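See below for the structure under consideration.
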Amino acid sequence: MSPSRAKPIARTTSSGSFHAGAPIPSLTNPRRNASSRYQTFPTTPPKALLESPSDASSEVSDADVNETPLPVRQLLLLAFLSLAEQTALNSIGPYLPEMVASMPGIPPNEAGLYVGTLASAFALAQLSTNFLWGYASDRIGRKPVLIMGTFSLMCCFCVFGLCKEYWQIVVVHVAMGLLNGNAACVPTVLGEVTDRSNQSKAFTYLPIIYSLGGISGPALGGLLVGKTGPAFPFLGPNIMAAALLACSLIVVGIWFEETLDESDASFVKPAWFEKLTSLFLKRKSEPRPKSWSARWPRGRSHTAPLLSSSGSTSDDDDEDEDDLQRDQRNDEADTKSDSAKSAWRHLSSTTLLLLCTYLVFQLSNISFNSLYPIFADTPPPAGRDLLPSKIGISLSLAGVATILFQAFLFQPLKARAGNLGTYQFGLLGIGIAMIMMPWVGYKDDAPLFGLGSGEMWLYIELGVVLIVKNICAVGGLSSVMLLITNSAASNASLGSLNGIAQTLSALGRSIGPFVSGALFTLSMNVHPRGEVLVFSLFGGLAVCGWAASLFIKRDGLESDDWVGSDSERQSDEETAS
């Protein structure tokens, strides 16, 4: 075998996905190199020198050859965990304004401010521990972090319905944010079990799960309020949420397999930790079992030197290979330690603009999510005076429509518009939905066209606005996750880039609820249509984010399933190579 042929094959095995000229994908070959933890960065598919243009095998679809099989079992377990978590967290929204207003010492016309403060406290708590949970998952594994986060969230819901003072609600909300690291760990697991060839499928399912939680959660919270008696009227939905989290905790604890390779953990125990553990542990701890990804069967072609004959393999070759892998792991550890310091210096203008618009996206999205229950619960003229059950049902029905869109229409539209086009559409749609929301009618308005009643048209208008917002939110979130992943310059900077993105996301989610709640409280004193001011402010911010996103360059940001024009695809492939 000549060196010219060996080079493309070596690049194929390290790229993390299958390409033309690579071995036929099967479970006997590794899905990707352990060093490529999150994704495969764009590379031009290598072609063998002896490959003929007229060869029938060259006409095989790239999707059939290159796409890596998804680990269905792992994804289903992760989906169940995410569904339980999102159901529990979304169950709070419908009754939270009423719960806060019922607390002693809360002025009725300032409930919006206190509700927004709660959401901001939760997001700030997450902001302060995002990196710590991510660091912990890199050291002790993904599964322990998922288990600890779910258990902590379950305990918080067990006591949330028993709160009788506002400060108690704040403490529980802060604990939910501090002790739950699943928000940082779940996307990490997704990145570890996917590559560029199948990332669109895997990253699309996560917003679907969030949408399902947006259906089951509000329905659970709105319909079970008051079912446990007047002493603790909000205990019912919290007990059900805790029970669902307990089920997911058991399932994940038994069947979920670790995705972090033990060789990648590089856990160096501090001296104080060694001394502390030596006082309590008399025997050496058992090594952690090999991770799910580490147990992929390794083909001989991926471990033996390419230039050696089939009969010349020796123990020296194995030792050289072990030394090479050890050196690579050491280099990786050095790179990881320096990547956080130099992350900002290596960000391109496209990545910086993408991160800025992502901050606007999250700020606008969470502000809408915080404003809608307050707006719907507040008496007229500033609000629409809906019961918690009506608020929960409206959110659930909008979630059903979003699920149908995500399941049947989103993927073809994203393949046509691309990650960037879908993200831009999401930003614009959120802005339009926020501007439309305060213009919905009242219950006692005259029916449109003389049909039905004013209350019926109120629910129809609310449903349309909620569906538009939800579709744009889940579509934009799916796309921006892929854009951020594909914009990283290398694997060494990907972790730091994701950390920066999550920090900006938490920043937007911490500022949005407090500012929107405070502005809505102030707008109640403005007549007429004071509520228009706060919705228009955040809607205009989203539109500005959309305008800024038009300057993001598409080059190198699209997934393999993008169906763009020939010139656009050629430009993207040239940039990727």
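Glycine is treated like the rest: Cβ placed from N, Cα and C.
These features come from TrEMBL:
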type	residues	note
COMPBIAS	26-42	compositional bias 'Polar residues'
COMPBIAS	51-60	compositional bias 'Low complexity'
COMPBIAS	314-324	compositional bias 'Acidic residues'
COMPBIAS	325-339	compositional bias 'Basic and acidic residues'
DOMAIN	74-557	domain 'Major facilitator superfamily (MFS) profile'
REGION	1-64	region 'Disordered'
REGION	289-340	region 'Disordered'
TRANSMEM	113-133	transmembrane segment
TRANSMEM	145-162	transmembrane segment
TRANSMEM	168-190	transmembrane segment
TRANSMEM	202-225	transmembrane segment
TRANSMEM	231-256	transmembrane segment
TRANSMEM	351-371	transmembrane segment
TRANSMEM	391-410	transmembrane segment
TRANSMEM	422-442	transmembrane segment
TRANSMEM	462-485	transmembrane segment
TRANSMEM	532-552	transmembrane segment
Mean pLDDT for the domain 'Major facilitator superfamily (MFS) profile' (74-557), as a whole number?
79
Considering pairs 6 or more residues apart, do the transmembrane segment (202-225) and the transmembrane segment (391-410) have at least three CB pairs under 8 Å?
yes
Any contact between the transmembrane segment (113-133) and the transmembrane segment (462-485)? By contact I mean 3+ C-beta pairs closer than 8 Å, pairs at least 6 apart along the chain.
no
Positions on the same chain near the transmembrane segment (145-162), where near means CB under 8 A and six or more residues out:
81, 84-85, 88, 92, 133, 136-137, 169, 172, 175-176, 179-182, 185-186, 189, 228, 232, 234-239, 241-242, 245-246, 248-249, 252-253, 256
Outside the transmembrane segment (532-552), six or more residues from its ends: residues with CB under 8 Å to it:
350, 353-354, 356-357, 360-361, 363-364, 367-368, 371, 375, 420, 423-424, 427-428, 430-435, 437-439, 483, 512, 516, 519-520, 523, 526
